[in-house]
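Annotated features in TrEMBL:
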- Gly164, Arg165, Ser166: NADP(+) binding site (BINDING)
- 4-119: domain 'Tetrahydrofolate dehydrogenase/cyclohydrolase catalytic' (DOMAIN)
- 138-275: domain 'Tetrahydrofolate dehydrogenase/cyclohydrolase NAD(P)-binding' (DOMAIN)
Amino acid sequence: MALMSGTELAKEIVADAGRRAAAFEAAAGRKPCLATVLVGEDPASVTYVRMKRNRCRQAGIESRHVPLPATTTTAGLVRVIGELSADPGVDGILLQHPVPAGIDERAAFEAIAPGKDVDGVTMHSFAAMSFGLPGFESCTPGGIMRLLDAYEVGIEGRHAVVIGRSPILGKPVAMLLLARHATVTVCHSRTADLPSIVRSADLVVAAVGRPEFVRGSWIKPGAVVVDAGYNPGNVGDVAFAEAAERASLITPVPGGVGPTTIAVLLAQTVTAAESTMD
Ligand code: NAP
């Protein structure tokens, strides 16, 4: 068994984004700019936004923070995001989610201009991912694909089992794997006999949100295991010690998928800025 280190890969992605951000600044006379929109004060969301803004700063990317009260309406949020979409000084827009109940999150996401959707959450970006066309990737799925490529994991013709079908993780990672010619099975809470499906997988992506849900006995010997889960106490969705006994490659939690997510966000922000120079 070998570990797939997201920490190391993320450093490389961020260093590259930093070099490209500096070149952009030299050419454009301004830094690439990511607008972060946070509705309400959910502590986890506050922490995530702070981390993303700190990483931006370290990579030479400006971050413009837009905090909004929890009482914000869908129309109000759509208006703010529409203004950021039209602002030539903003290259990328991140709406931290989940947004408070009562706001139509999809409507808010769709107010993000496709060229600024550096978090890869719009229908436009999902379609591009599904068709294998250029576009912004959903960041966690994008990070997973970069990890698989960095460790030279064969994807074409392999059976990939994705556990979870959320719009930001399970579904888009399934589409990215399909675009790379994997045979993809997407499982969810109504899937019958999940363990036997996982046992047939060459590649398992766990995106369930339940600590140590995927057991070692479900893993086919030699399979590659990607644990996207991040549960309280730094615990993934895979029972790591058990799964590591059978997997050929496995991501740790923490230090696996997590760090690559922010790295992809930064890289895509710089790409969005660069595209304004075309
Ligand atoms: P989510 O929206 O809650 O989706 C969870 C998915 O798991 C759903 O599709 C659900 O099925 C499925 N599921 C739940 N119970 C199941 C069961 N017993 N058997 C099979 N499938 C089951 O979660 P998410 O946002 O995709 O996040 C998933 C995990 O990834 C969480 O641990 C989260 O913290 C982590 N995450 C990490 C990052 C990162 O940067 N590393 C980013 C985002 C998320 P249904 O659709 O049928 O309900």
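The first residue you see is number 1, and the count goes up from there.
Glycine is treated like the rest: Cβ placed from N, Cα and C.
Because TrEMBL annotations are produced automatically, they should be read as predictions rather than curated entries.
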Tell me the Cβ contacts of Ser166 (NADP(+) binding site) under 8 Å, same chain only and six or more apart in sequence, or just say none.
Ala207
According to DSSP, which of helix, strand or coil covers Arg165 (NADP(+) binding site)?
coil
Quick check on the binding-site residues: of Gly164, Arg165, whose CB has the lowest count of neighbouring CB atoms inside 10 Å?
Arg165
What does the DSSP secondary structure composition of the domain 'Tetrahydrofolate dehydrogenase/cyclohydrolase catalytic' (4-119) look like, as residue counts for helix, strand and coil?
61 helix, 18 strand, 37 coil
Per-state residue totals over the domain 'Tetrahydrofolate dehydrogenase/cyclohydrolase NAD(P)-binding' (138-275) - DSSP helix, strand, coil:
54 helix, 24 strand, 60 coil
Taking the centroid of the Cβ atoms of Gly164, Arg165, Ser166 (NADP(+) site), which other same-chain residues have Cβ within 8 Å of it?
Val162, Ile163, Pro167, Leu169, Gly170, Lys171, Val186, His188, Ala207, Val208
